[in-house]
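I have placed the structure first, in the form of structure tokens, so that the comments after it can refer back to it.
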Amino acid sequence: MAKKSWFLPAILGIVAIALPPFLGGYFQHILILVMMWIAMATGWNLLGGYCGQASLGSAAFFGLGAYGAGLLYLHWGISPWWGMIAGPLLAIMVAIPIGLVTFRLRGGYFVLSMLAVCEAIRIVFLNWVEMSAGPLGIVIERTWGMEKLPYYYMVLAIVALSLYVVYRLMKSKFGYYFVSIREDQDAAEGLGIPSTKYKMYALIPCAGIIGLAGAFYMNYMVFIEPNVVFPLIISATMILSVMLGGPGTFWGPALGATIFVLLSELLRAFAGPVIGTIHYLIFALILVLVIMFLPNGIAGEGYKIKRLFRGKKPVYVGGE
């Protein structure tokens with residue numbers, strides 16, 4: 001990236017570090033949610049945006065990460081903070097056999113297979129009561145009481161790690177292979193790129209990042225149960241955030257996740273009793289408009305937005 005392209009993110013990073021201590025608990029909570037979804041959308045974008053393997057089952061990795069932390073406490077009394085290591089590892093261990101099977105499928109078959117896998121995992125955790133406590137869920141002790149600032153800086157570190165991992169991967173040969181598979185898998189394989197192998201290379205960090213966010217969620221919310229951490233809405237939110245911000249772009253998922261969380265909280269705050277969870281429908285309508293006019297997302301079509309504010313029309317070559 002050019003030096004200029006890092007200027008605004010650097011400023012935002014400084015603000016993200018310096019501002020939260022001066023905010024109230026509610027706004028710190030909102031920032032924690034924003035950062036958690038940024039990390040998750042960034043992880044999903046690696047597989048779905050850069051590699052073109054859109055998955056509706058990524059909530060499975062989030063739930064596995066959360067349970068990786070919770071089960072340590074439930075069965076052995078080990079601090080769930082150790083789950084910040086165990087959670088991502090569990091998500092990756094389960095993701096590997098899933099990927100080896102589902103990556104043999106393409107298109108809608110792959111999407112549906114991942115959705116089915118996620119639902120199967122949810123049902124297992126819901127019914128295997130001896131292992132997971134089933135619908136009763138797992139409750140842990142809150143480490144810092146009602147203090148939110150330590151949780152914020154922890155999730156901020158997770159975001160920084162996620163962005164660093166994705167940046168390094170996309171600047172290496174892996175990034176070129178991911179994009180080539182997304183653009184034309186048959187042509188990529190014809191050039192000697194083993195598609196399943198490199199899809200796995202995208203899946204493993206994707207699962208690890210989302211699983212890490214899940215482990216953090218366990219520690220922050222102190223309660224999980226299968227219907228909370230494995231639902232389709234978690235996968236859908238990751239997808240909507242990436243599509244809004246710009247799939248296959250570096251900053252797009254962060255932008256999309258920020259807009260999603262802030263819009264959701266505004267709707268809940270001002271119209272919650274009236275509209276309930278209809279904010280997802282409103283967000284979907286906004287996404288439809290973005291896809292119509294900015295098909296590559298806000299970050300992917302940034303030049304159009306710049307021209308709009310500058311009052312300049314796009315220049316077309318070879319046509320009227």
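Yeah, the Cβs are placed from backbone N, Cα and C, and that goes for glycine too.
The shown structure was predicted, so the numbers you read here are calculated from the model rather than taken from an experiment.
Quick look at what TrEMBL annotates:
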TRANSMEM  7-23  transmembrane segment
TRANSMEM  29-47  transmembrane segment
TRANSMEM  54-75  transmembrane segment
TRANSMEM  81-102  transmembrane segment
TRANSMEM  109-129  transmembrane segment
TRANSMEM  149-167  transmembrane segment
TRANSMEM  201-222  transmembrane segment
TRANSMEM  228-246  transmembrane segment
TRANSMEM  253-271  transmembrane segment
TRANSMEM  277-299  transmembrane segment
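Counting C-beta pairs under 8 angstroms (sequence separation of 6 or more), the transmembrane segment (54-75) fails to reach the transmembrane segment (7-23), with fewer than 3 such pairs.
Against the transmembrane segment (201-222), the recorded stretches 81-102, 109-129, 149-167, 253-271, 277-299 differ in Cβ pairs under 8 Å, and the greatest number is found for 81-102. Cβ atoms under 8 Å from those of the transmembrane segment (81-102) belong to residues 57, 60-62, 64-70, 72-73, 110, 113-114, 117, 121, 143, 196, 199-200, 203-204, 206-212, 214-216, 218-219 of the same chain, restricted to positions at least 6 beyond its ends. Sequence-distant neighbours of the transmembrane segment (29-47) (same chain, 6+ residues past either end, Cβ-Cβ under 8 Å): 16, 20, 23, 53, 55, 58, 61-62, 148, 151-152, 155-156, 158-159, 162-163, 166, 169, 178, 199, 202-203, 205-210, 212-213, 216-217, 220, 234, 237-239, 241-242, 245, 247-249, 252-254, 256-258, 260-262, 265. Here the transmembrane segment (149-167) has long-range neighbours at 16-17, 20-21, 28, 31-32, 35-36, 38-39, 42-43, 45-46, 143, 205, 209, 212-213, 216, 219-220, 250, 254, meaning same-chain residues at least 6 beyond its ends whose C-beta is under 8 angstroms from one of its own.
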